[in-house]
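Q: This is the structure I have questions about; it appears just below.
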Amino acid sequence: MTTSTGKINLLGLTQPEMEQFFDSIGEKRFRAGQVMKWIHHFGVDDFAAMTNVGKALREKLEAVAEIRPPEVVSEDISADGTRKWVIRVASGSCVETVYIPTDDRGTLCVSSQAGCALDCSFCSTGKQGFNSNLTAAEVIGQVWLANKSFGTVPAKIDRAITNVVMMGMGEPLLNFDNVIAAMKIMMDDLGYGISKRRVTLSTSGVVPMIDELAKHIDVSLALSLHAPNDELRNQLVPINKKYPLKMLLESCMGYMATLGGKRVLTVEYTLLKDVNDQPEHAAQMIELLRDVPCKINLIPFNPFPHSGYERPSNNAIRRFQDLLHHGGFNVTTRTTRGDDIDAACGQLVGQVNDRTRRSERYIAVRQLSADAELQDSAVRH
């Protein structure tokens with residue numbers, strides 16, 4: 001993609017695209033592999049540092065291309081080791097990238113949009129409205145920046161980033177081409193060499209793009225379910241009105257069938273106090289997913305200002321998990337990480353230049369609600 005300088009940003013080019021680029025400037029295709037290794041293996045963003053590339057070619061590259069990662073605005077480190085980067089993209093908005101370390105892995109949570117084109121009622125990102133899709137360079141640039149921060153080389157066995165999840169800001173399938181390109185670079189040995197089983201795309205349910213996915217890439221799939229019936233899901237995840245549960249699950253199963261082996265769908269379910277955490281919801285979920293090869297990841301709600309939702313009690317969370325487990329499912333409850341730096345699931349907000357005015361409307365509605373509560377309280381007293 002050409003940047004504001006009129007040059008091509010090589011950071012976001014897949015291997016075939018990089019080869020085509022070198023063809024276009026009259027150079028041999030093997031140069032693509034050399035340059036990709038410098039960019040992704042060694043974190044180089046200056047052609048002058050590419051010591052096995054001749055001076056004449058380096059000068060040619062300087063004239064027509066660049067390696068431009070997004071700008072890091074800030075970095076915060078949680079008490080539990082979670083890291084969050086605020087990154088400014090070309091649109092002027094800021095997005096957030098989160099690194100979550102555990103004993104046996106390091107997971108990078110990557111954003112795909114500035115804001116989100118969807119409006120899930122319990123997610124702070126959606127309340128920021130929507131500005132733009134990230135470019136492929138801005139998506140893969142989050143991996144590049146994190147590796148640079150850790151000073152790691154992907155060829156090392158002890159690398160910090162072992163898994164990537166497209167679960168940051170935005171709906172990945174509504175930025176299809178750029179997300180696909182970035183994931184291909186993640187898995188390419190000339191890029192970051194991450195196993196396809198360790199790259200996960202999470203979607204709220206854009207059915208046509210799920211159907212298209214298998215034609216382009218083989219990655220793990222996670223479904224943001226959050227409700228066991230259409231009536232409730234229509235409220236929590238409004239895209240369900242367009243693609244209801246039966247259609248959505250058929251699409252997910254169709255994609256999983258193309259992967260073969262023992263791959264299963266990950267089902268994500270944010271638990272909201274007195275909304276979707278009752279025994280009847282667990283029973284409906286067991287029935288809904290009975291024939292779906294899946295594992296279930298329960299996510300206790302992480303509060304944000306004016307959300308209108310609360311986190312269930314620990315007893316309610318355990319009860320819900322136990323009911324699903326007795327129903328025959330592999331169930332885990334996600335440990336909240338990074339909440340002291342607002343890096344927990346559902347808390348990512350960035351700084352979005354909202355083109356939809358959704359954020360403005362959301363704040364106005366919440367203010368009206370707060371004013372009404374104050375008036376009611378005054379009347380009662």
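Heads up, the Cβ atoms here are built off N, Cα and C, so glycines get one too.
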Q: According to Swiss-Prot, G170, E171, S224, L225, H226, N302 bind S-adenosyl-L-methionine; so which of S149, S202, S313 is the extra one listed there?
A: S202
Q: Show which residues of the chain containing C109 (disulfide bond), separated from it by at least 6 in sequence, have their CB under 8 Å from its CB.
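A: Correct list: T97, V98, Y99, I100, V165, M167, G168.
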Q: At a 10 Å cut-off from the C-beta of S202 (S-adenosyl-L-methionine binding site), count the other C-beta atoms across all protein chains.
A: 20
Q: Give the distance between the Cα atoms of N302 (S-adenosyl-L-methionine binding site) and C116 ([4Fe-4S] cluster binding site), rounded to the nearest whole Å.
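A: Cα-Cα distance, N302 (S-adenosyl-L-methionine binding site) to C116 ([4Fe-4S] cluster binding site): 18 Å.
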Q: Compare the Cα of C116 ([4Fe-4S] cluster binding site) against each of the binding-site residues E171, S202, S224, L225, H226 and report the nearest.
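A: With Cα distances computed to C116 ([4Fe-4S] cluster binding site), the winner among E171, S202, S224, L225, H226 is E171.
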